[in-house]
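According to TrEMBL, the features are:
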{"type": "COMPBIAS", "residues": "544-554", "note": "compositional bias 'Basic and acidic residues'"}
{"type": "DOMAIN", "residues": "43-495", "note": "domain 'Major facilitator superfamily (MFS) profile'"}
{"type": "REGION", "residues": "544-579", "note": "region 'Disordered'"}
{"type": "TRANSMEM", "residues": "36-56", "note": "transmembrane segment"}
{"type": "TRANSMEM", "residues": "97-117", "note": "transmembrane segment"}
{"type": "TRANSMEM", "residues": "124-142", "note": "transmembrane segment"}
{"type": "TRANSMEM", "residues": "148-172", "note": "transmembrane segment"}
{"type": "TRANSMEM", "residues": "179-198", "note": "transmembrane segment"}
{"type": "TRANSMEM", "residues": "218-237", "note": "transmembrane segment"}
{"type": "TRANSMEM", "residues": "337-359", "note": "transmembrane segment"}
{"type": "TRANSMEM", "residues": "368-386", "note": "transmembrane segment"}
{"type": "TRANSMEM", "residues": "406-428", "note": "transmembrane segment"}
{"type": "TRANSMEM", "residues": "440-464", "note": "transmembrane segment"}
{"type": "TRANSMEM", "residues": "470-492", "note": "transmembrane segment"}
Amino acid sequence: MDIPPAPQVPVAAENDLPATLEKENGEPAGKFSVGITLRTIVMASLTAMGGFIFGYDTGQISGFLEMRVFLERFGQRTAVTTEHPYGYYFSNVRSGLIVGLLSIGTLIGCLIAGPFANKYGRKWCIPVWSMVFSVGVVAQVAVGTGDWVGIVMGRWTAGLGVGALSVLVPLYMSETSPVNVRGAVVSCYQLFITIGIFTADCINYRTESRNDTGSYRIPMGVGWIWALILGIGIIFLPESPRHDFNHNNPARARTTMSKFYGLPEDHVIINTECGEIEQVMKLTAGDHPWYEAITGPRMFYRVALAMTLQMLQQLSGANYFFYYGTTIFQGVGLDNSYVTAMILGGVNVGATVVGVWMARHFRRRESLYIAALWQLMCFLVFASVGQFQFKDAPVGSSTAKTSGTVMIVFACFFIVGFATTWGPLVWACIAEMFPYRYRAVGMAFATSANWFWNFMLAFFTPFITGDIQYAYGYVFAGCNLAAFFVVFFFLIESSGKTLEEVDQMYLLHVPPIGSKKFVFDEETRRQIGEMGMGTDRMDLERKGFGTRKREEGARGGVLQQEEACRREPVARSGANGRL
C-alpha cells in the first residue's frame, strides 16, 4: 500500500536554535541540553518499581534457604551436624528448583509480554502482570508444611509477572523519557533491583530469628506491596508517546512529550522529535509477524548481540552472590551470615546510584568493557583465595577469618563494578538498539536470554559448587573476559543519540570501534526525519520465512536503495569533518 509521508517540521538549523540551548564542544546541544522535569523523576521512580519487585524476590530467596522454620517445613531430614545444625537440609535439586523456577516463569512471561504490549499498550499491560505476580505471592504464602512443590509453583507464577515487567518497564521508560536522560531513566530499573535486594536482606535479617512461619511468610507477603504500588500507580501515568502515535493519538503523544520535556508543545525540539516519530509510525502500520524481528534489516545481528549482552550480564557472576550469598559466607566467622548479605546489598545500592549518574555522563561501550576487566580481576582473586586458602582452613581460625575477609572485600569490589556498569547499562543498551517496529519483540528475545541463564545459574550452582567449590569463580572470570571482547568488537555507542539515529547507525554498519566519534551532519539528520532513512521507513515484503525491501524505487523519498542508504552520511562526513 502506498503510504504518503507524514508532514514534517524541518530539523532546526544551528542558527535557529533558541538561545537557551547551549553549545557543547562546538556543536549545537539541541535536545540534549533540556533539564530533568519532576514528571520524569516521578515516572522513573514509579515504573522502576518493576525492578524493585524482581530484586526483592531475588534477595529474599537466598535467606529462606537458611531459615530454621523454612528448612523444617520444606527441607529434608538429616543428622544434626555443624553443616546442618537444625537437622534439615535442601538437596541440590530441591534448592535449585526453589530458587530457579522463578526464572522459568520469567522466561515465559517476557516472551509473551512483547506482542501483548504492541497490541494493548505498554501502560495497560503493566497492571495485569503486576496482578499475576501477586497471585504467585499469595500461592507461596498459603502453602502448608511439606508442600515445597507449592513454593516452586508459586515462584513460577510470580516469575511470569516479573518476566513480563522486565520487558514492559524498560520499554515504557525508553519510549517515554527525553533523549538527554533516557540512559539514566532506564538505569533506574537496575537501581531499584538493587534496592529491592537490599530491602529483602534487611527484612530477612529481622525475621529469620522468629520461631513461627512469620520468619518467611512476612518477607513473602511484603512483596505484594510493591506490585500494588506499581499496578495502581501506572494507571495515573500517560501511555508511551510512540505507542500513542502508532494508535492514532498524535495529539496525546505530543502533550505527553511536552510534559516530560518541560517545553511548550510547539517548541522546536518537540516538533522535530514528533515529526520523526510520526513518519516512522505511519510507515510501520500493518501486520508485522514476530519473526520479522529476526529477519528484518540488520535485526539478526542486533537480536543476537542483545541476547549475548543479557547472557553475559548473568554470567558475570553477580547472582552467584545474591542467590547464594548467605550460604557462601557462612564460614567466614560472622555470627550471623545475614549480615554479609546486607553488606553486599548495601554496596550494591550505593554503587548503582553512582551507575545511574554514570549512565548520563559516560559512554556505554567504555564503561562496559573496562568494567568487564575489573570484574575479571575481582573473580580471579576471590576464586584463588577461596580455593587455596579459605576452603581448607579450620572454622574460626585466623586463616579462615583473614581469607574470608579478603573474599568479602573483593566480592564488594566486584559488585561496585557490576552495579555501576553491567547492571544498569545492559538494560539501557538493549532498550536503545531496536527500531520501534521490532522493539517490543526484540527486547523480549533479549530479556528471555537473561532469564534463561538466570535459571541455569540458579539451578546448577549448588551442583557445581559442590564439586569444584570456589574454583567456580574462574568460570565467571572467563565469562567476564568474553564480555570484554563482545562489547569492544560488536556494540555500537548509543549514548546521546535518538532511538531513530541509533537504528540508522546499525543499518550503516558503523564500526563499533570508533563509533563514539560518529556524528550525523545536519543534512543527514534531516534525511532521517524527512526522507525515510531507517528500518521503520523501509517497505518490507515477505519472501518465505524472510523479509526483503520492495523494489519500488524511492516513493517520495521514503525508500532508498540500501547501498545509497549506507553511503550517504559517509559522503557527507559531518560538519566538523568527523564520522
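Just so it is clear, glycine is given a Cβ too, placed from its N, Cα and C backbone atoms.
It should be emphasised that the depicted structure is a prediction, and the values quoted were computed from it without experimental measurement.
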Same-chain residue ranges lying at least 6 outside the transmembrane segment (179-198) that approach it to Cβ under 8 Å: 31-34, 36, 40, 43-45, 47-59, 169-170, 173, 226, 273, 322, 342, 345-346, 348-349, 351-353, 355-357, 359-360, 364, 419, 423-425, 427-428, 431-432, 495-498
Of 36-56, 97-117, 218-237, 368-386, whichever stretch has the most CB pairs under 8 A to the transmembrane segment (124-142): 218-237
Contact set, same chain, for the transmembrane segment (337-359): CB under 8 Å, 6 or more residues outside the stretch: 59, 62-63, 66, 183-184, 186-188, 190-191, 193-195, 197-198, 200-202, 204-205, 208, 321-322, 325-327, 329-330, 367, 408, 411-412, 415-421, 423-425, 428
Cβ-Cβ under 8 Å with the transmembrane segment (368-386): same-chain residues at least 6 beyond its ends: 316-317, 403, 406-407, 410-411, 413-414, 417-418, 420-422, 425-426, 429, 469-474, 476-477, 480-481, 483-484, 487-488, 491
Outside the transmembrane segment (36-56), six or more residues from its ends: residues with CB under 8 Å to it: 126, 130, 133, 161-162, 165-166, 168-169, 172-173, 176-178, 181, 184-185, 188-200, 222-223, 226-227, 229-230, 233-234, 237, 259-262
Local confidence of the domain 'Major facilitator superfamily (MFS) profile' (43-495) - pLDDT mean: 84
